[in-house]
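Colleague: Below are the structure tokens for one structure; questions will follow.
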Amino acid sequence: MGACLALCSLASCASCLCGSAPCLLCGCCPSSNNSTITRLVFSFFLLLGTMVSVIMILPGMETQLRKIPGFCQGGVTIPGVENQVNCDVIVGYKSVYRMCFAMTCFFFLFSVIMIRVRSSRDPRAAIQNGFWFFKFLILVGITVGAFFIPDGTFHTVWFYFGAVGSFIFILIQLILLIDFAHSWNKVWVENAENSDNKCWFAGLLTFTILYYALAITAVVLFYVYYTQPDDCTEHKVFISLNLIFCIFISILSILPKIQEAQPHSGLLQASLISLYTMYVTWSAMTNNPDRKCNPSLLSLVSNVSVTEPSGDSNPGQVQWWDAQGIVGLIIFLFCTLYASIRSSSNTQVNKLMQTEEGKGSGGEGVVGEDGILRAVDNEEDGVTYSYSFFHFHLCLASLYIMMTLTNWYHCSYFSMPAVWVKMSSSWLGLGLYLWTLIAPLIFPDRDFS
């Protein structure tokens, strides 16, 4: 009898796995929209691949990974490293590259398939919102095939793909952050103006002071630990420039002309952007191959002095990710989740992110003919986000994960380019925020609400 009940339960789960997103997650969030649930499930696929990648670089996993036929035979050539490197040293890194290659191909495939889908009436929308079991099989199949790719120039070529993709993804993260800050400030100011409760203004002031305090603290710590009196000139320039830029956008955001053209601009957004800029600056400096200018965060916390490695040390002992990578991974997870559930009213951001203005919750779920409670299909008249762009965003996120977990190769040849990629992305991000402030003044006839 128990076996029969188990078979019935498995049959029910199988029907949902082969069916639509509302059937798959209706028990958890029956009042959610179909579009939101679908994005959450795809984000879960990305999170699952990230977890597998993290497991692959844990200490002790190299023994298991070497058992893959033909995957770890002889040495491997890495650009910037003379001769060949023992495969035991970088087997985890090789695995992460192949896992993220599989996720990138998976999401890029769906990005191409879903081009110009206009509503859920399109036959391709059924593929987007359903058939989850078969999608999972496709991802597993691509992953298995990726582990049989010959070494050759694969790592070199894929590194450059990862560098470009990570650069674009950092910019997307900043766009999402700007959108979040604007929406946050707008909602709290409207709540304060529509009620006599001044706690909303107090909350805005508290978070603004907190973010600026954290940003200033970061700048002080950068000068103390990531610079030397007679060395680390690049770091001094990076920290000073970004500090000046953050002060500039903060002053600009509260000028009367800016406030008149952009009523919802303010110090909350500027403080949050400043804090994120300092994070990107820190992330860039941690890729500097000079250990005197780049002490490990773990060594700072444990108060261990950093010394140059001796010539007799074993070059095979490489730490492919550290605390900086963990922090970057956490921020990435928050941004990915926000991208999945965001509902913005900012017209320009919606155009840029290929989404429509948020319409709130879809109400109560509906009960299908099979008696299963399903979420609301809110895309019969038109999609609320671009299916293709969403998958492209996850494709870039896969490349960002790859570069983060492997610390951008963490060898001298590629570390400095990683520094410049991250710093240039921080400057371009500050430029984007600056544009959101001055664009209404330059083009007064356009709608930037």
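In case you wondered, yes, glycine gets a Cβ from its N, Cα and C as well.
Straight from TrEMBL, here's the annotation block:
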type     : residues : note
SIGNAL   : 1-16     : signal peptide
TRANSMEM : 36-58    : transmembrane segment
TRANSMEM : 100-119  : transmembrane segment
TRANSMEM : 131-150  : transmembrane segment
TRANSMEM : 157-180  : transmembrane segment
TRANSMEM : 200-225  : transmembrane segment
TRANSMEM : 237-255  : transmembrane segment
TRANSMEM : 267-285  : transmembrane segment
TRANSMEM : 320-341  : transmembrane segment
TRANSMEM : 385-405  : transmembrane segment
TRANSMEM : 426-443  : transmembrane segment
Colleague: Considering only Cβ pairs under 8 Å, which range in 131-150, 157-180, 237-255, 267-285, 385-405 makes the most contacts with the transmembrane segment (36-58)?
Modeller: 385-405
Colleague: At least three Cβ pairs under 8 Å linking the transmembrane segment (267-285) and the transmembrane segment (131-150), pairs spaced 6 or more in sequence?
Modeller: no
Colleague: Hey, which of 100-119, 131-150, 237-255, 385-405, 426-443 has the most Cβ-Cβ pairs under 8 Å against the transmembrane segment (157-180)?
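Modeller: It is 385-405 that shares the most Cβ pairs under 8 Å with the transmembrane segment (157-180).
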Colleague: Counting only pairs 6 or more apart in sequence, are there at least 3 Cβ pairs under 8 Å between the transmembrane segment (385-405) and the transmembrane segment (131-150)?
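Modeller: These two segments do not touch.
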